[in-house]
Amino acid sequence: MVAPTAPQLSPRDREKSAAERAAIDASCRAPVVAFAASAVAWLLVGSVLALLASVKLHSPYFLTGSAELTFGRVRMAHLQAVGIGWSSLATVAAILWLMCRLSRAELVYPKLLHVSCALWNVGVFLAVFGIIFGDAQSVEWLDAPPYAAPFFVAALGIVSAWTVAVFRRRRESHVYVSQWYIMGAVFWFPWLYLVAQFMIFWSPATGVVQPIVNWWFGHNVLGLWFTPAAVGSAYYLIPKIIGRPVHSYYLSIIGFWSLALFYSWAGMHHLIGGPIPGWLASASTVGSMMMIIPVLAVAINHHMTMRGHFHRLRYSPALRFTVFGAIAYTAVSLQGSFEALKDFSEVTHFTHYTVAHAHLGAYGFVTMIYFGLFYYMIPRLTGREWASPVLIRVHFWCAAVGITTYFAALSIGGWWQGRMLNNPDVPFGKIVDYLRPHLFTRSVAGVLLTVGHLAFAASFVMNLGGWGKKRAGGPTFFVEPVQPAAPTHEAVAAS
C-alpha cells in the first residue's frame, strides 16, 4: 500500500507533506547523487567494453595486437563495470533515497556514505583494470582480482548497516512493500558475497562444490540483490506517478515471501548436465518453476495498478522506463523458469540464447527500471528538471529498440545454434557461419544502447550543471498532457 495521494489531503497537510519531502531530499542530495553519478560513469565504461567484446565475436581480428584487449579480458571487465559498477551503484542510490522517503526520515551519517561510495569506486576500478591487465579470476561474476574484494565488503557493510539504522529511525509506522524488498536486498547480498568469497577464494572448497557455490552466488546476484531493489523501485514509482495505491497488499506479501523462499534454489539449473548431485539439479528446477508464483503476483499487481492509466506512458519518461522494465521482469522470469527444464536446457545450454536471457534480465528489467528511477529521483534531489525532453526520447527509444533487437537476435540465433550443436552431422564451422549475422546484429544493438547511454549521461550532466529549469511543481514530459489529471499528481504528491 502507499500513502494517501495528494487529492485526498487537505491543502495544509499537502503543504506540510511537501515540505517534509523537500527536507528529506535535501538531506539525501550529496550521497545519493555521488552514487548515481558513479553509476552513470561506469555505465559508459561498461558500454565501451561491451562494444569491443561484441565486435570481436563476429570480427575476431579486431584489435588483436594487445593482450589487454583480447575478448576474454574485455568481456570480464565489462561484466564488472556494469554489474558491480553501474547496476550495484544504482542499486545503492535507489536504496538510500527510497528508504529515507518511505521512512519519512532524513538521511543520517552522510560522511560514512561518502566513504562507502569511494570504497566501492576503488573496488570497481581495481576490478576492471586488474582484469584488463591480467589479474582476472576464472569465476563467473567473481572475476575481480582478490585485492578488490575488501573494498566491496567494507562498502557493502556500511550501506547495509546504514539501511538498518534509517529503518529503525523511521517516523512512518507502516512498513511499505518497497521497504520489504530493500531490507531483503541488504541482508541477502552481503551474505551471498561473503560466503562466495570464503568458499571460493579465502578458504577454497574442493571439487564440484566450487561451481555450485559459484552459480549459487552468480544467479542470486540478480535475484536477491538487483531484483529486490528494482522491484521495490517499481512498487514505489508506479503508484506514485499515477496517483493511486498498489492494487493488492496481499499479492505484495505473496510476491515478496515466495521470492525469498524460492529464488535461492534456482541457480543450479546453470549446471544441469554437469557433475553435480542429481537431487540438487532437480531441486533447482523445482525452485525455478515455483518462481512463477512471485513473478505473476508482481505482474498482476503492477498491471492492475496501472489499469486505466496506461495513457500516461505517452507523457511520463519515468513511468515509461519503469513499465518497460516491469514487463521485462515478467518475461525474463517466466523464460528463466522454463530454461531450467532439462529438455529445454539440452538445446539452450552453452548457446547465445542464455546470453540473450541474461541481458533481458540485467538490462531490460533492472537497468530500465533504474533509468526510470533516475528520471524521477534526480530532479527532486537537484531542484532542476531535465533540460531536454528530446534527449530523454532518444535515450528511451535507443534503449528499448536496442535491447529488443539484442534479445531477438541472440534468442533466435542461440536456439538454432543449440539445435545444430545437438546434431552430430552439422560441422562446427557451419554453426559459426550461421551465427555471424546474429552476432553482427548484436553489435548494431550495442551501438543503439551506447547512443542511448550517451544521451542519458548528457542529460544527467546537464541536470547537475543546472541547465534545466527550476522545479516549479511540474515534471519534464515527453509531450505536454492535453488535460492532466487532478492537479497533476506528479506535480504535487509525487514531488
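Easy rule for this one: first residue shown is 1, then count along the chain.
Just so you know, glycine gets a Cβ as well, placed from its N, Cα and C.
Caution: TrEMBL annotation is automatic and unverified by curators.
Features of the protein shown, as given by TrEMBL:
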TRANSMEM  32-57  transmembrane segment
DOMAIN    42-414  domain 'Cytochrome oxidase subunit I profile'
TRANSMEM  77-100  transmembrane segment
TRANSMEM  112-134  transmembrane segment
TRANSMEM  146-168  transmembrane segment
TRANSMEM  180-203  transmembrane segment
TRANSMEM  215-237  transmembrane segment
TRANSMEM  249-266  transmembrane segment
TRANSMEM  278-300  transmembrane segment
TRANSMEM  321-338  transmembrane segment
TRANSMEM  358-378  transmembrane segment
TRANSMEM  390-416  transmembrane segment
TRANSMEM  439-461  transmembrane segment
Message: I'm a bit unsure how to read this: which one of 146-168, 249-266, 321-338, 390-416, 439-461 has the highest number of Cβ pairs shorter than 8 Å with the transmembrane segment (358-378)?
response: 321-338
Message: Within this structure, do the transmembrane segment (180-203) and the transmembrane segment (321-338) have 3 or more Cβ pairs under 8 angstroms, counting pairs 6 or more apart in sequence?
response: no
- prompt: So, do the transmembrane segment (249-266) and the transmembrane segment (146-168) meet, by the test of 3 or more Cβ pairs under 8 Å (sequence gap 6 or more)?
  reply: no
Query: Would the transmembrane segment (439-461) and the transmembrane segment (278-300) count as touching if the test is at least 3 Cβ pairs under 8 Å, pairs 6 or more apart?
result: no
Message: Averaged over the domain 'Cytochrome oxidase subunit I profile' (42-414), what pLDDT does the predicted model reach?
response: 96
